[in-house]
Amino acid sequence: MEEMEEELKCPVCGSFYREPIILPCSHNLCQACARNILVQTPESESPQSRRASGSGVSDYDYLDLDKMSLYSEADSGYGSYGGFASAPTTPCQKSPNGVRVFPPAMPPPATHLSPALAPVPRNSCITCPQCHRSLILDDRGLRGFPKNRVLEGVIDRYQQSKAAALKCQLCEKAPKEATVMCEQCDVFYCDPCRLRCHPPRGPLAKHRLVPPAQGRVSRRLSPRKVSTCTDHELENHSMYCVQCKMPVCYQCLEEGKHSSHEVKALGAMWKLHKSQLSQALNGLSDRAKEAKEFLVQLRNMVQQIQENSVEFEACLVAQCDALIDALNRRKAQLLARVNKEHEHKLKVVRDQISHCTVKLRQTTGLMEYCLEVIKENDPSGFLQISDALIRRVHLTEDQWGKGTLTPRMTTDFDLSLDNSPLLQSIHQLDFVQMKASSPVPAIPILQLEECCTHNNSATLSWKQPPLSMVPAEGYILELDDGNGGQFREVYVGKETMCTVDGLHFNSTYNARVKAFNKTGVSQYSKTLVLQTSEGCNFETQPAPYSQLVDIKKLLAVAWFAFDPGSAHSDIIFSNDNLTVTCSSYDDRVVLGKTGFSKGVHYWELTVDRYDNHPDPAFGVARMDVMKDVMLGKDDKAWAITEGGITKGATIGVLLDLNRKTLTFFINDEQQGPIAFENVEGLFFPAVSLNRNVQVTLHTGLPVPDFYSSRASIA
């Protein structure tokens, strides 16, 4: 029951819900908290002005309150939210639960009415502090949101189960333990307060006094207030609208917007949804059981890693001592390597334990909350939240899917020391001579029939030998400066074709490629000589060089697609893996197949579908970025999310690893100054999106002209 407590607390005030209301996004808020976070919008954003302009609106008008937010390792959460042009912006705050909320645009007026009855400022809007969806309130204000009676009942039962002893409700200071409860007054009394405030005479003599425990039970079993229709406040819910997925009253069916919709009996749908939630919980319960067993396995791995580390260190020290003075100069370095590997393994496993523990606690809390909801006897109240709960249960179960319950680290230390040749080569001793898990890849073969030059660009293609049994994880393409100088890397990635642009005309370049995997790097392929401007020229001997080329101006143009192998399981691929969408309402991450560590690279993404104001994010990420959260939520990604994106928009991403910067464009317009600086390492193009978004990737694009000229001047 304790793990369920997070489900019962308001994300704004951090306390148990008081008079909770249900937002259209299925999240809950205290009625008072909902009023506190209202924001007054400009007149042009109001439903009335939109109707006057002829644009169609729904019952709740969603707003794009948050403008462009940039994510980095220094700020993995939401940035500051921009306000409207007519109102100053206000920084977002954090509730006791750690959820960021909008502060009110102006202090609420003093009123003696309840939060539900107090007048709401005209053109008010509210932003859900959990999913950040914003909507404009209609004329009903907060009364237009249904009350969550089921949640109130679960909170009552939870608080009663946690109460150690019932206290007197009339003691002014230090309430004493109650001895009786009056069923008619519904008040708990201690003996002094009962004699003073509830004497056994007059009309009070007919009241029935019972023990506190019995009074608690009678309170729990007392009939709960029946939910009423939000559109017709005097009518109780009597049917269930299948199309809108909500309880309705008979007036809604006769004269309201549900008159032409399919409806079913409230009781039948109540039983059906309870059955669906119970079936969903069975699958989630199995996942929770597997997670508990997985945590035991991870904790055992920690012990095994500790034991293996001690054993390995002892073996290493023994071998180093046998080499006496020669090995003493290297022993400290080798032990440092082992300890680093030891700490790395422990960190990875402990991080996975922490992540899995948090997810299990959330799963268990959701399970206990759902079980308490199933106990409710209020059909309409249950049906108000059942769809959202069923969806949450399925989504939570999916999060325990592919790869979640698999250890990210092995307990073995793949290191060994062969001391037989060390007396002759002690100065070369290093861990590179220890056992390898697999051999290095074979030497790539340049496909001469597919290599060519056009004007001042060159296209090269290569492949692995036909009989090679060792897979390559990627390739490194190198080009010289066109004058017999040193080779420089111009491409690193998984693709087997690359176009290098920006070469000098009538010049000769040498090109070579090598493959790599986790074990190491292969030898170079044969050198290919390419002549620009006049066509293709394939030779195996060096050719004279006619002109000096600045290697910094070589810009690698690579074609690549999205990578299904590293993407989240909810990502849906089409168009030869160039178009992606998602089957989940939550954000999922997909990476490109090509990684970049040097050079200047530019690609674009077009928005094919954009429904219900989602928050897609575009940028770059490392290979081990989290795939089940929005891009930029951890320190492995650098991204932009723009609330003003519409269908048909084009987002450009410019990664300049020479200057270590990342810049974004929307519809060929640069978005502010450089978004991120000091960007170093191996990066993959990345996108996060949900089922409301579909994007298409465009690669092999040249760097924008104005940026190329600016870079050459710099």
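Our numbering is plain: 1 for the first residue shown, then up by one each step along the chain.
Backbone N, Cα and C atoms are what each Cβ position is placed from, and that goes for glycine too.
TrEMBL lists 288-344 with the feature coiled coil. Taken from TrEMBL, the feature domain 'RING-type' applies to 10-50. Under the heading domain 'B box-type', TrEMBL lists 163-212, 224-266. Summarising the annotation, TrEMBL assigns domain 'COS' to 374-432. The domain 'Fibronectin type-III' annotation in TrEMBL covers 440-535. Annotation source TrEMBL lists domain 'B30.2/SPRY' at 539-714.
Residues 140, 143-147, 149, 152-153, 377-381, 383-384, 387 of the same chain lie 6 or more positions beyond the ends of the domain 'B box-type' (224-266) yet place their CB under 8 Å from a CB of it. Averaged over the domain 'B30.2/SPRY' (539-714), the predicted model has a pLDDT of 80. Across the domain 'B box-type' (163-212), DSSP classifies residues as 13 helix, 10 strand, 27 coil. DSSP assignment over the domain 'B box-type' (224-266) gives 7 helix, 11 strand, 25 coil.
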